[in-house]
């Protein structure tokens, strides 16, 4: 019974967050309009100057565009969490007969749904302008699982920064890093075309194995086991770390 009640509370909280998102023009901008414009910008404005070997530039950049746009969307979650704290509504929820865990999980579930829609929208737009994936069913399933894991990781990072931010305006500032990291990776240009110092950073930062895994799965290319394991390990470690930090920050806030 407790598990069923917890699930009901999570559904209620995430439903509330979804309603607030639909009424927020910034959410529509970051989740729908910005990803479309980003895809078109890189494909038509920048793509002509890029050399990616035998792979077309549209095929090459799709994983990087997905991760960069998910980074843009992460700010929405952080701002929503911080706004709930500053308005006092989160404190009010803590006094109500709902599972406290459902409060943060509601934000995470809403972020997962919204960001997954964004990722699928990018894939649709990419397909319309020339993206031609060659993945089989297993490849698509694996790619979607990696995207899902990345979204969950980014969502808990967003929740944590929303918890510790001093204002809603500052809560989303961390997303600058989530937007910038795909640019200094294999997302938009081959790593071997970068200056040596950037090559070293791009090779070992957490975004690169995620992008390389997605690209290999979607294009049905050879995928090194170490690359896939690195992507999963990076996401899992960061997910667990920021989940723990978020729960601790929430307990600290709710006990005041």
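Using N, Cα and C of the backbone, Cβ positions are placed for all residues, glycine too.
Feature list (source: TrEMBL):
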DOMAIN    26-253  domain 'ABC transmembrane type-2'
TRANSMEM  28-46  transmembrane segment
TRANSMEM  58-82  transmembrane segment
TRANSMEM  112-131  transmembrane segment
TRANSMEM  137-161  transmembrane segment
TRANSMEM  173-191  transmembrane segment
TRANSMEM  228-250  transmembrane segment
*asked:* Considering only Cβ pairs within less than 8 angstroms, which of the stretches 28-46, 58-82, 112-131, 228-250 has the most against the transmembrane segment (173-191)?
replied: 58-82
*Select the range from 28-46, 112-131, 228-250 that forms the most Cβ-Cβ pairs under 8 Å with the transmembrane segment (58-82).*
112-131
_Contacting positions for the transmembrane segment (112-131) when only residues 6+ beyond its ends and CB under 8 Å are counted_ = 14, 18, 21, 27, 31-32, 35-36, 39-40, 43-44, 56, 58-59, 62, 65-66, 69-70, 73-74, 76, 147-148, 151-152, 154-155
